[in-house]
């Protein structure tokens with residue numbers, strides 16, 4: 001399925017039964033969960049169409065762009081079909097999230113959707129899954145930065161009179177300090193300018209890799225299909241489309257919420273084109289020898305490689321704050337009072353904890369694969385489907401929409417289970433020093 005057909009996912013007819021979409025028929029489970037935002041400083045409804053597009057592109061693109069050649073090398077050329085299928089499926093589930101929010105105007109976050117669908121248990125499950133996913137993705141950014149900087153400056157280390165810090169550890173800490181001011185931003189309309197920089201960085205990286213390939217040549221043929229590594233390929237492809245927990249935040253931040261579907265379709269189409277191009281370029285250049293981050297394969301001394309490597313450093317800095325926004329908002333909304341100093345402290349402590357995890361688990365490829373196989377499959381594929389089925393009542397009557405949702409569910413569950421087992425095996429092997 002080519003990227004051009006992505007807009008077709010919203011042409012599926014809604015169920016014609018008017019009772020299904022009557023807001024008065026939704027089961028609220030009589031829970032005592034409230035959805036009011038006690039934090040009056042959090043600005044919503046201020047972002048324009050283009051600002052939301054930049055935030056959406058920033059949520060979807062970035063780190064996945066560097067790992068998608070590795071995914072293609074794992075599954076072979078035919079696994080590109082899986083990339084397009086994953087793109088179409090996750091775009092559709094993103095639209096399902098929007099439909100869930102339209103069913104109840106009180107819904108503001110992803111956990112709210114779980115709460116409305118399945119009560120307190122649903123809210124708890126969705127909260128754990130989505131916030132864990134976002135936390136690990138943000139941690140992956142720091143691992144990526146440390147690896148890239150250490151690749152550029154392999155001889156650098158930090159010596160102090162009382163402590164000796166390796167180059168990679170020092171770089172992770174320095175990057176965290178650079179990211180810190182963006183973490184304190186609270187207005188997504190302002191954050192969109194940072195997101196625009198991240199999207200531009202992705203374009204520059206693709207151009208730099210294309211330039212490097214034109215000089216060095218595309219000499220690898222690759223495999224047609226590698227069945228044993230398909231679960232890893234699926235996990236990495238799913239990791240590329242891991243922005244769903246951020247979608248409710250983007251939706252509530254829009255001025256004109258009726259344009260949100262167009263935002264999703266545009267973001268998914270552009271990201272899929274970029275992912276496909278980067279996967280093909282990286283696989284043709286390095287074949288089975290491509291690293292989990294394709295930029296680590298690039299020759300450091302070449303100018304085009306330096307452009308790509310230095311630009312790579314921009315992506316996590318521009319994405320980190322956006323990815324962590326739902327987590328910090330959930331914590332701040334639990335506070336009975338609003339103190340700016342306390343909010344800054346919370347955001348800072350979250351950043352510190354991701355630094356610690358990044359230093360303990362320094363395997364970007366395995367972390368991305370595990371996050372994609374387990375958490376992304378649940379948050380981006382499974383949860384939107386089951387929550388929408390429950391809230392809308394679509395499951396009560398057979399329709400084309402129900403068949404498509406069930407097919408996506410089966411794909412997400414089966415591939416997620418197999419991919420999780422494969423990713424855990426790889427991660428444990430690396431931690432034990434077997435690879």
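Placement of Cβ uses the backbone N, Cα and C atoms for every residue, glycine included.
Note that the coordinates shown come from a computational prediction; the quantities given were computed from them, not determined experimentally.
What TrEMBL says about this one:
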- 46-423: domain 'Amino acid transporter transmembrane' (DOMAIN)
- 76-97: transmembrane segment (TRANSMEM)
- 125-143: transmembrane segment (TRANSMEM)
- 163-183: transmembrane segment (TRANSMEM)
- 190-214: transmembrane segment (TRANSMEM)
- 234-251: transmembrane segment (TRANSMEM)
- 263-287: transmembrane segment (TRANSMEM)
- 307-329: transmembrane segment (TRANSMEM)
- 341-364: transmembrane segment (TRANSMEM)
- 370-389: transmembrane segment (TRANSMEM)
- 401-421: transmembrane segment (TRANSMEM)
Is it the case that the transmembrane segment (370-389) and the transmembrane segment (76-97) have 3 or more CB pairs under 8 Å, with pairs at least 6 apart in sequence?
yes
Whether the transmembrane segment (76-97) meets the transmembrane segment (401-421): three or more C-beta pairs under 8 angstroms:
yes
Which listed range (163-183, 341-364, 401-421) shows the maximal number of Cβ pairs under 8 Å with respect to the transmembrane segment (307-329)?
163-183
Long-range environment of the transmembrane segment (234-251) - Cβ separation under 8 angstroms, sequence gap at least 6:
47, 52, 55-56, 59-60, 63-65, 67-68, 70-71, 74-75, 79, 82-83, 86-87, 90-91, 93-94, 97-98, 101, 107-110, 112-113, 130-131, 133-134, 137, 188, 257, 260, 263-264, 268, 271, 275, 322-323, 325-326, 329, 368-373, 376-377, 379-381, 384, 415-416, 418-420, 422-423
Between the transmembrane segment (401-421) and the transmembrane segment (125-143), are there three or more CB pairs that fall under 8 A, provided the residues in each pair are separated by 6 or more in sequence?
no
